[in-house]
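Listed in Swiss-Prot:
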BINDING   His13, Glu16, His105  Zn(2+) binding site
BINDING   Arg55, Asn62, Arg63, Glu163, Tyr273  substrate binding site
Amino acid sequence: MSGLQVLLVAGTHGNEINGPWLLDQWSQTPELINTHGVGVVPVIGNPEALALGRRYLDCDLNRSFRLDLLRSPSILDREVVRAKQLLSFFGPEGSTPCQIVIDLHSTTSAMGSTLVVYGRRSVDLALAALIQARLGLPIYLHDGDDDQQGFLVERWPCGLVIEIGPVPQGLLKARIIEQTRLAVQACLEALSSVASGSPTYPDEFVVHSHLGSLDLPRDALGQPAACVHPSLQGRDWQPLQMGAPLFLWPDGEVFRFEGRDSPIPVFINEAAYVEKHIAMSLTCREVCPLPEQWQGALQQLVDC
């Protein structure tokens with residue numbers, strides 16, 4: 001086994017408590033998660049926010065890893081300071097350097113168990129493809145959105161997000177915890193297979209590429225004027241057809257989808273995205289080949 005160190009982060013958002021609870025239970029019962037010999041460094045991303053049950057204190061930690069924020073000595077938001085600390089401790093050049101990061105999240109949307117990859121780095125996609133081949137998890141490929149930047153996993157050589165839902169904020173739910181545990185274990189098992197030189201990569205894998213986001217209709221004061229239509233709520237991953245109901249006004253009027261390409265909505269009515277003016281994101285399904293160069297890039301990173 002190589003000297004690979006994997007940073008396992010939970011509680012990046014302080015009101016997502018299932019991941020932190022799993023890490024706490026794991027510390028008391030090590031056999032809860034089989035690491036398959038991979039070195040794992042568990043850490044709570046935003047412990048102050050977790051203690052208060054809040055998503056964040058000053059700003060979203062998972063948008064605080066932009067280079068301009070990290071390089072500015074004058075920005076003292078607690079999440080930006082925490083982002084710098086995490087990199088100082090666990091970044092590639094940190095005191096306890098980690099090459100790969102797995103960031104655990106939960107969502108109020110009906111996303112099931114999902115892998116989220118930011119950008120199109122070959123090592124991220126190779127790892128996600130390995131995990132998808134083991135568990136069949138969908139991959140949400142989020143790139144090309146200038147309004148959403150500064151994600152934690154982008155600052156490590158390789159990283160992905162495990163997103164599990166639906167679960168209300170601040171609520172422990174056994175099914176969510178078990179899904180998180182299984183996904184973490186699959187990640188570590190996949191990395192162990194790479195480290196031992198025995199990975200079984202698929203010839204191709206499926207991603208859902210980010211197209212953009214839709215907001216709720218809003219009034220002149222910027223307040224929501226309609227809500228997500230009840231027939232759409234909970235239907236993440238189901239293609240939108242022409243004329244499908246999107247939003248419902250208080251008087252019963254329905255706003256319908258007018259596109260023709262049957263995009264696939266994700267993170268429908270996510271509670272945390274209200275402040276970001278996102279009612280849902282739209283994706284398109286892509287079947288991607290898995291080049292040998294990507295596999296080699298992940299192998300090289302793991303062997304370092």
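Glycine residues also receive a Cβ, built from the backbone N, Cα and C atoms like all the rest.
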>> DSSP secondary structure for Glu163 (substrate binding site), reduced to helix/strand/coil, please.
In response: strand
>> Taking only C-alpha atoms and a 10 A limit, tell me which of His13, Glu16, His105 are near Arg55 (substrate binding site). These are the binding-site residues.
In response: His13, Glu16
> Taking His13 (Zn(2+) binding site) as the reference, which of Arg63, Glu163, Tyr273 (the binding-site residues) have a CA within 10 A of its CA?
Replying inline: none
> Once the DSSP letters are reduced so that anything not helix or strand counts as coil, what is His105 (Zn(2+) binding site)?
Replying inline: strand
> If one measures from the C-alpha of Tyr273 (substrate binding site) to the C-alpha of His105 (Zn(2+) binding site), what distance in angstrom results, rounded to a whole number?
Replying inline: 14
> Of all the binding-site residues given, namely Asn62, Arg63, Glu163, which is spatially nearest to Glu16 (Zn(2+) binding site) at the Cα level?
Replying inline: Glu163
> Which residues does Arg63 (substrate binding site) neighbour through Cβ under 8 Å, counting only same-chain ones at least six apart?
Replying inline: Gln148, Gln149, Gly150, Phe151
> If one measures from the C-alpha of Glu163 (substrate binding site) to the C-alpha of His105 (Zn(2+) binding site), what distance in angstrom results, rounded to a whole number?
Replying inline: 5
>> Using CB atoms and a 10 A radius, I'd like the single residue among the binding-site residues Glu16, Glu163 with the highest neighbour count.
In response: Glu16
> By a simple count of other Cβ atoms within 10 Å, which of His13, Arg55, His105, the binding-site residues in the record, is least packed?
Replying inline: Arg55
>> With the substrate site defined by the record as Arg55, Asn62, Arg63, Glu163, Tyr273, how many Å span the farthest pair of C-alpha atoms?
In response: 16
>> Name them in sequence order: residues not among His13, Glu16, His105 whose Cβ is within 8 Å of the mean position of the Cβ atoms defining the Zn(2+) site.
In response: Gly11, Thr12, Asn15, Gly19, Arg55, Asn62, Leu104, Ser106, Thr107, Ala272
>> I want to verify one value. Collapsing DSSP to three states, which class is Tyr273 (substrate binding site)?
In response: helix
>> Return the count of C-beta atoms lying within 10 angstroms of the C-beta of Asn62 (substrate binding site), excluding that atom itself.
In response: 24
